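The active site annotation in Swiss-Prot covers Glu424, and the record cites experimental evidence as its basis. Marked as ATP binding site by Swiss-Prot: Gly164, Gly204, Thr205, Gly206, Lys207, Thr208, Leu209, His343, Glu371. Under the heading Zn(2+) binding site, Swiss-Prot lists His423, His427, Asp500. Per Swiss-Prot, topological domain 'Cytoplasmic' is recorded for 1-5, 129-610. The topological domain 'Periplasmic' feature in Swiss-Prot is assigned to 27-107. Taken from Swiss-Prot, the feature transmembrane segment covers 6-26, 108-128, and the record attributes it to sequence analysis.
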Amino acid sequence: MNRSNIWNLLFTILIIVTLFWLARFFYVENSPVSKLSYTSFVQMVEDERSVVSEVVIRDDGVLRVYTKDGRVYEVDAPWAVNDSQLIEKLVSKGIKVSGERSGSSSFWINVLGTLIPTILFIVVWLFIMRSLSGRNNQAFTFTKSRATMYKPSGNKRVTFKDVGGAEEAIEELKEVVEFLKDPSKFNRIGARMPKGILLVGPPGTGKTLLARAVAGEANVPFFHISGSDFVELFVGVGAARVRDLFAQAKAHAPCIVFIDEIDAVGRHRGAGLGGGHDEREQTLNQLLVEMDGFDSKEGIIVMAATNRPDILDPALLRPGRFDKKIVVDPPDMLGRKKILEIHTRNKPLAEDVNLEIIAKRTPGFVGADLENLVNEAALLAAREGRDKITMKDFEEAIDRVIAGPARKSKLISPKEKRIIAYHEAGHAVVSTVVPNGEPVHRISIIPRGYKALGYTLHLPEEDKYLVSRNELLDKLTALLGGRAAEEVVFGDVTSGAANDIERATEIARNMVCQLGMSEELGPLAWGKEEQEVFLGKEITRLRNYSEEVASKIDEEVKKIVTNCYERAKEIIRKYRKQLDNIVEILLEKETIEGDELRRILSEEFEKVVE
C-alpha cells in the first residue's frame, strides 16, 4: 500500500470516529432532561397507569427517571439513597431500579467526551488544509502563476545546435545569451538590453524552441507560460498571476520569462463588440506595468511568441517593452535539410536516404512538419519490421502528410477510375507543358485522406517569394487541366474538379482585387478586409467600390478563369496521345514518379505560349 492510500485510509477512519463521538456527545450529553419535584415523582410512581419505566439512583442524591415514552427527568432527593421503602415500592410497581456512582471517573468521562471530538475535529481540519495546500490543488494557489520553470541540465538542455533553419534569428539572439552570461560587459559601456523580445512567425517554425535554446546556451532558468493561462473567469486573477510570475523571475534572476501565444492576453484593448474583456485588459495592464517596473540590468529577459503581431496592443510593442522583434520564417531548402539532420541524428537511416532530396520535396514545411514527417517515416519502417528507415518510407510519409493515408480498400468502379486517371494526368500534362509550370514529381490514383480520389504532387525547383502574372496564369491553367481533360476525353465533366475550380476562382479574384493584375481595371486594389471588430479575425470585406465596378470585377474574374480553361483544353487536345499513354500506365501502376512522367512526355514537347 503506497503512502497516498495509507493517508486516505487514516482520513476515512478519522472521519468515522469523529462522527461517532459527535453523535454520542450531542445525543447523550445533550438529551433533553427536565427537573421534577419529589412530590410529582411519588405521584407518577403511585399512579395506577404509571409511565415510569426505570429509575437510576445516584450516590449524590439525584434520581434519574426514565418514562415509557422516552422522556427523562431528574429529581433531587438526597434522602432517597437510604430510603428502602421507596426502593421496595418501585420494585413492587415493576419499575427497574439501578444505581450509579458519581465521582472522579464520571468527571473525566465528561471531560473526554468533550475533548476527544474537539481534538479529532482539529486533526481532520489540519489534514484537509494540508491536502488543499498540496501542489496540485488550486484552492490556495488560484492567484499563483502557472509558469513552469525549467533549469537547463544534462540531456534536457536545449542549445542552438538543436535549432535548424533559423540562422538569422539565432544571430540576433546570441547577444541576449552574452548579456545573460556577462551583463557587466554591456553595463560598462552603458548599453541596455531589450526588456522584451517578440518572436514572430507562422505556427511550427520553432519559436518556443528558440527561447529554450537561449536559456540553454546561457544556462539560466526558463519560465514558460501560455498567454491563456493568465486569463480566468474571476476579475483580478490574471493580474495577480502576472505579479507572481515576475516575483518568481526576480527571485531566480538572471532568467528568461517566455510567454507563448501572447496574443491571447495582449490583444488591442477596447476591441470587440460591446467593449473589451475587463479581465484580459486588467491582465494586460499589469503586464505593461511589470515590464516597466524592472531594470534590464537585473538579468530578466521577457520573450514572447505570436503569429499575429498585427493584433497586439501598441503599448506592448513600444520601445522599453517588446522593443525587439525577431521574425522566424519558414525554412528554405538548406534550412529544411538541417532540420531533418537534427531530427534524424538518433534514428537509423538506410544508405539510400538522401536528406537533400527530401528537403527539396517538402517546400513550405516548417520544423514541426518535418519532425512529424521523420516520425511518420519511422512508424512506417517499424510497421514493416525494418531495422532502418528507407527512402521509400520517407516518400510514403510525405504523401501521408500532404494528402493523407492511402485508402487502398476503397472500391472504385473501372469507369470512375479511368475518369480519375484522366483528371490527374490532365493536371500533369498541362503543368509540364506551360512555361512556368511546377515540375510534377508524382501522380497517383490511389485514394488518400478524407476526400482525395487521386492527387498530383508538384515539386518546385526552388523556394520563391515573388510570383509574376504569367506564373499565376500558368498555375490557373494547370489547376483547370483536370477538368479540361474530362471534357475533352469524355464530353462531360464531374464533381471531381470542385476544389480546383474553387482555388482557381480565388486566385483570379485576388489577381483582380488585390494584386492589380487586371488589364481592364488596372493596378488598383478593390475592397478592403474589415478587421476592426475583433482585431484578429476577418468578419467581412469592406466594399469601397460601386455596383458598376463590382460587375467589372466579376467579368474580369470570369474572363481570366475562362481563358485559362480554354488554354488548358487546347493543350489537352494537342497532347492527347501522350495523355492517353500516361493514363494507361497510370491505370496499370496506379502511381507514376516524376522521372518516368518526363520520360513519357519526352524532349520533343514544345512549351506552349500564348
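Just so it is clear, glycine is given a Cβ too, placed from its N, Cα and C backbone atoms.
Checked against Thr205 (ATP binding site), the recorded positions His423, Glu424, His427, Asp500 differ in C-alpha distance, with Asp500 being the nearest. All protein chains considered, the CB of Leu209 (ATP binding site) has 18 other CB atoms within 10 Å. Working note on the recorded positions Glu371, Glu424, Asp500: by count of other C-beta atoms within 10 Å of each C-beta, Glu424 ranks first.
Residues Gly164, Gly204, Thr205, Gly206, Lys207, Thr208, Leu209, His343, Glu371, recorded as binding ATP, reach a greatest CA to CA spacing of 17 Å. Taking the Cα atom of each, Glu371 (ATP binding site) and His423 (Zn(2+) binding site) are about 33 angstrom apart.
Annotation for Lys207 (ATP binding site): spatial neighbours Leu199, Gly201, Asp260, Ala305, Val328, criterion Cβ-Cβ under 8 Å with sequence separation of six or more. Gly164 (ATP binding site) and His427 (Zn(2+) binding site) have their C-alpha atoms 35 Å apart, to the nearest angstrom. A simple way to gauge crowding: the CB of His423 (Zn(2+) binding site) has 27 other CB atoms within 10 angstroms, across all the protein chains here. Taking the Cβ of His427 (Zn(2+) binding site) as reference, residues of its chain lying under 8 Å away and at least six apart in sequence are, in sequence order, Val440, Ile443, Thr456, Ala478, Leu479, Gly481, Gly482. Just so you know, the Cβ of Thr205 (ATP binding site) picks up 26 other Cβ atoms within 10 Å once every protein chain is counted. Sitting within 8 Å of the Cβ centre of His423, His427, Asp500, and not among those site residues for Zn(2+), are the Cβ atoms of Glu424, Gly426, Thr456, Leu479, Leu480, Gly481, Gly482, Arg483, Ala485, Gly496, Ala497. Annotated pair Leu209 (ATP binding site) and Glu424 (active site), C-alpha to C-alpha distance, rounded: 40 Å.
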